[in-house]
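A short write-up of the structure that comes next.
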Amino acid sequence: MGLLHSLHAPAAALLWSCLLGLAAAQEAILHASTNGVSSLSKDYCMYYNNNWTRLPSSLENATSLSLMNLTGTALCHLSDIPPDGIRNKAVVVHWGPCHFLEKARIAQEGGAAALLIANNSVLIPSSRNKSTFQNVTVLIAVITQKDFKDMKETLGDDITVKMYSPSWPNFDYTLVVIFVIAVFTVALGGYWSGLIELENMKSVEDAEDRETRKKKDDYLTFSPLTVVVFVVICCIMIVLLYFFYRWLVYVMIAIFCIASSMSLYNCLSALIHRMPCGQCTILCCGKNIKVSLIFLSGLCISVAVVWAVFRNEDRWAWILQDILGIAFCLNLIKTMKLPNFMSCVILLGLLLIYDVFFVFITPFITKNGESIMVELAAGPFENAEKLPVVIRVPKLMGYSVMSVCSVPVSVLGFGDIIVPGLLIAYCRRFDVQTGSSIYYISSTIAYAVGMIITFVVLMVMKTGQPALLYLVPCTLITVSVVAWSRKEMKKFWKGSSYQVMDHLDYSTNEENPVTTDEQIVQQ
């Protein structure tokens, strides 16, 4: 049984509605030392918005500032500034009760060089509307309460700080890893879908078997109307998630754990069934069950549970999330069937519009000027929980000083794998039915080219990109050109039929084509 058999449509749509991941906060180093004692120093991680302020890239170029502890005052009024003043100092305040921008304006008016907000959350506050903070020039950064307490205990009260943001190499190896994962997943998922198609064609021996198989497959088939309804549900779900994030994020985590553990089981059990060893069985409820599958189910559940418990552990939890995510994408590509190219165009086209709208258009609608997709990626309302709908690959610490910060990661949304993967899976099934491999190979290459274009734009624009904006045109245009050049567009558009073939004799299919739509009508 596939994933769609086990999850209700709203739950599946909720998981689908957030399949795009974007980057969030900028990390920097706060180098603290005791005045007059250069040997006594310590580095801490701080978070800032590089759209507001630029920091030097090295400690040598950073400016020394005397640190002033103002956590005992709210700094919400000019009267909160101490008599000695705060000119050319870095002041530390607690979060609240007034808005952090109000604190920044007061600190700036008092001549402070930087405002450090000691907060339990390490998330930098969202930038809001640009007109709100355009007159604020003082550096605003966030440090954790734990780090500030350690700073006072280690270095005392007379502290000097330097702030800088080490630059990363121009070449980001994590993009290569993500590229390999994405192309491998869509290629394997599409090929697996073709293998299932081939097995179905070989197993059909009479009309009764054919009718039984068609009824089973129709449960997983997305008609054009179903595709439209599904995308509408996705839009509704992402809006609900935006307004009720603090509650629904845990629903998403629960759905991901259940769906990904089942997907991992489906992927690994397919390998176990083909292994000559491990065939021992036990009788349970009148059925013979392989002992190896019992252990496998326990392993898959354990992986999901361990990830759920340690999901916020930056050092290694990403490995489990990526394993579960790859299995989830593979299972979904293999399970969901688009019956024809028309359904593929509708699904990919609507999700492309969906992607662009929630990334580029919603900033003109929301009150804070941020896109809904960016807010969900960062966690609205400074929520530390993240949606588990991305492939994450951390950057190796090329600079040891950056080890004090959480590991920076590159991400790719599951939707950027699954959505084009469904098209590639259809191309592979069509190839199996027509005795070729041209559609599968060309669509996979087109996906790889689209990913490369996405990464090039990412490096040029220096900001997160909706990958479907480049993947959808690359894949759809490529397979359309192939279909037109082979004079198979009509057949490719409507979908090829299943035929009862001896030794894969495809000439019957050419002489008596029956479209998938006609199959549905006949039922």
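Don't overthink the numbers, they just go from 1 along the chain as shown.
Even glycines carry a Cβ here, placed using N, Cα and C.
According to Swiss-Prot, the protein carries these features:
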- 1-25: signal peptide (SIGNAL)
- 26-175: topological domain 'Lumenal' (TOPO_DOM)
- Asn51: N-linked glycosylation site (CARBOHYD)
- Asn61: N-linked glycosylation site (CARBOHYD)
- Asn69: N-linked glycosylation site (CARBOHYD)
- 70-155: domain 'PA' (DOMAIN)
- Asn119: N-linked glycosylation site (CARBOHYD)
- Asn129: N-linked glycosylation site (CARBOHYD)
- Asn135: N-linked glycosylation site (CARBOHYD)
- 176-196: transmembrane segment (TRANSMEM)
- 197-224: topological domain 'Cytoplasmic' (TOPO_DOM)
- 225-245: transmembrane segment (TRANSMEM)
- 248-268: transmembrane segment (TRANSMEM)
- 269-288: topological domain 'Cytoplasmic' (TOPO_DOM)
- 289-309: transmembrane segment (TRANSMEM)
- 310-315: topological domain 'Lumenal' (TOPO_DOM)
- 316-336: transmembrane segment (TRANSMEM)
- 337-344: topological domain 'Cytoplasmic' (TOPO_DOM)
- 345-365: transmembrane segment (TRANSMEM)
- Asp355: active site (ACT_SITE)
- 366-403: topological domain 'Lumenal' (TOPO_DOM)
- 404-424: transmembrane segment (TRANSMEM)
- Asp416: active site (ACT_SITE)
- 425-440: topological domain 'Cytoplasmic' (TOPO_DOM)
- 441-461: transmembrane segment (TRANSMEM)
- 464-484: transmembrane segment (TRANSMEM)
- 485-523: topological domain 'Cytoplasmic' (TOPO_DOM)
- 498-501: motif 'YXXo lysosomal targeting motif' (MOTIF)
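Projection of Swiss-Prot feature records onto the structure.
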residue : record                      : contacts (Cβ under 8 Å, 6+ apart)
Asn61   : N-linked glycosylation site : Tyr164
Asn69   : N-linked glycosylation site : Val92, Lys152, Asp157
Asn119  : N-linked glycosylation site : His94, Trp95, Val142, Ile143, Thr144, Gln145
Asn135  : N-linked glycosylation site : Arg105
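For the recorded site, Asp416 (active site), the DSSP three-state label reads helix.
Each of the active-site residues Asp355, Asp416 was scored by other CB atoms within 10 A of its CB, and the lowest score goes to Asp355.
Confidence across the topological domain 'Cytoplasmic' (269-288), taken as the mean pLDDT and rounded to a whole number, stands at 73.
Counting residues per DSSP class in helix, strand and coil order gives 28 helix, 18 strand, 40 coil for the domain 'PA' (70-155). In terms of C-beta pairs under 8 Å, the stretch of 176-196, 225-245, 248-268, 464-484 lying closest in packing to the transmembrane segment (289-309) is 248-268.
Listed as Cβ neighbours of the transmembrane segment (464-484) (distance under 8 Å, sequence separation of 6 or more from its ends, same chain) are residues 20-23, 341, 344-345, 348-349, 351-352, 355-356, 359-360, 373-374, 377, 412-413, 415-416, 419-420, 423-424, 427, 438-439, 442-443, 445-447, 449-451, 453-454, 457-458, 492-493.
Other Cβ atoms within 10 Å of the Cβ of Asn51 (N-linked glycosylation site) number 11 in total over all chains.
Taking the Cα atom of each, Asn51 (N-linked glycosylation site) and Asp355 (active site) are about 24 angstrom apart. DSSP gives Asp355 (active site) a helix state.
The list of residues near the transmembrane segment (345-365) in space but at least 6 beyond its ends in sequence, with Cβ under 8 angstroms from a Cβ of it, reads 20, 22, 222, 224, 227-228, 230-231, 234-235, 238, 338, 371-374, 415, 419-420, 422-423, 466, 468-469, 472, 475-476.
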